Amino acid sequence: MWSHQREAFSTYKRVPSRDRSTIVGDVEENSALLQNSMDMETTNPSWLLSFPHVVVATITSLLFGYHLGVVNEPLESISIDLGFSGNTLAEGLVVSTCLGGAFIGSLFSGWIADGVGRRRAFQLCALPMIIGAATSATTKTLAGMLIGRFLVGTGMGLGPPVASLYVAEVSPASLRGTYGSFIQIATCLGLMGALFIGIPVKEIAGWWRVCFWVSTIPAGLLAFAMIFCAESPHWLYKKGRGAEAEAEFERLLGGSHVKYAMLELSKLDRGDEADSVKLTELFFGRHFKVVYIGSTLFALQQLSGINAVFYFSSSVFKSAGVPSDVANALIGVANLSGSIIAMLLMDKLGRKLLLLWSFFGMTMALVLQVAAANTFMSGTGSLYLSVSGMLMFVLTFALGAGPVPGLLLPEIFPNRIRAKAMAFCMSVHWVINFFVGLLFLRLLELLGPQLLYTIFASFCMMAVVFVKRNVMETKGKSLQEIEIALLPPE
């Protein structure tokens, strides 16, 4: 508690003498609130208040996972029905057009979330997902399918950054890590749901159309349920709507925690929150460090080769004699298991420790893959090592490298730039994701699996060093405490 008073007086020291009388008045006025808030810090808000709002927000992640996997099983049937069977370029476009839309959606997500608020941004993200899925489900041409996939992609790009922002801003500090893990778990459930719903596609003609129609149900539910969810108090306060922010804090934390939560927000009110954030502010001056940390974390997440490993997993399991549906189930179980463990440990061990061990575990898994690709290994031994390495890689990724960046970034970004910085970092994520997917098979042919997996392992070790040197622990800290610790004074 005394740390809050030290922060107040350190702020006083940094302010010019003409403004100190105002600060003295604020400190004296707030001292009673600080004293009254002593009990608030020792008793955490009830999880029951914020939980429903977080669950509704993570429907976006469920949809994200579902649309990532929805064309995997039905792609062959789609190509036959729409008349492009055997055209690998067209098949690739059906998959990758979604990524192009996601890049566009993520690029504008920050401006949308800041302009209309987090709740309306969720509803806007659901709209192209519903229209796009309906277009794909009813089309009779390749062009219609591509238009539908692009529209769905824009919703996929807009949803995850807004979900990360919203979950970070409405969650109590004591539960923020646990709630942040819901995003990764929902993505896993979406992927597994897409694979499960796609099972009858080879037996029932036109079933792929049902697969697209199914996704409109959770998208519609998201748009409707958001009407009843709380708006982010941080966004409301940033817009100068303090009374509404106070009311939303009461819904999310309970009446006894409102004054302390508002006091925390007021610590960082510099009177410039209503100003528009210029793009140059993200790359120059006092905000550069946190944006650099965030974008590098997302870049290293993708350069670890996770999506390439997912892509290559089916052929690895096939060579080991494992059917594709069983292989998908094993990958899904490993991903979901790691995500659940991360949820349980996020607010106990902290973000930084999970990131360190996750990237280190991924390095060891890739070492197994390199050993499996060694020509001196026997056929059976190589297959066992390859399958073990694949499952270990997915499991360790889900323990930290998967869920932590999406949670950590909204925590370390100041309220003023949070939405736009998140949009920029997610755009970096999508660009690198696209190029890794585009170049993976070509690099595999040129370099071979041994050298390629060695490169991925090197990036994972670089991530360990980067996290050790640059990432601060945010477990249990309020967003305002993190901002004060990370951001240099103006």
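Residue numbering: from 1, along the chain as shown.
Glycine is treated like the rest: Cβ placed from N, Cα and C.
TrEMBL lists 53-475 with the feature domain 'Major facilitator superfamily (MFS) profile'. Per TrEMBL, transmembrane segment is recorded for 47-69, 89-109, 121-139, 145-167, 179-201, 207-229, 290-314, 326-346, 353-377, 383-409, 421-444, 450-467.
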| request: Would you mind giving the whole-number mean pLDDT across the domain 'Major facilitator superfamily (MFS) profile' (53-475)? | output: 87
| Feature contact check the transmembrane segment (383-409) with the transmembrane segment (179-201), CB under 8 Å, 3 or more pairs | yes
| field | Distal contacts, the transmembrane segment (290-314) - CB-CB under 8 A, six or more residues away | value | 282-283, 324, 327-328, 331, 359, 362, 366, 390, 393-394, 397, 401-402, 405, 408-409, 412-414, 417, 421-422, 424-426, 428-429, 432-433, 436-437, 440, 444, 452-453, 456, 459-460, 462-463, 466-467, 470-471, 486-487
| note | Sequence-distant contacts of the transmembrane segment (326-346), meaning Cβ under 8 Å and at least 6 residues beyond its ends, amount to 72, 177-178, 180-182, 184-185, 188-189, 191-192, 195, 310, 313-314, 317-318, 354, 390-391, 394-400, 402-404, 407, 475
| Among 207-229, 353-377, 383-409, which stretch has the highest count of C-beta pairs below 8 Å with the transmembrane segment (47-69)? | 207-229
| query | Given pairs 6 or more apart, does the transmembrane segment (450-467) have at least three Cβ pairs under 8 Å with the transmembrane segment (207-229)? | reply | no
| With the transmembrane segment (121-139) as the reference, which stretch in 145-167, 207-229, 383-409, 421-444 has the largest tally of C-beta pairs below 8 Å? | 145-167
| said: Cβ pairs under 8 Å only, please: of the recorded stretches 89-109, 145-167, 353-377, which one is richest in them relative to the transmembrane segment (383-409)? | reply: 353-377
| field | Outside the transmembrane segment (145-167), six or more residues from its ends: residues with CB under 8 Å to it | value | 53-54, 57-58, 60-61, 63-64, 67-68, 71, 78, 82, 93-94, 97-110, 112-113, 118, 121-122, 124-129, 131-137, 139, 176, 179-180, 182-183, 212, 215, 219, 232, 406-407, 409-410, 418-419, 422-423, 426, 430
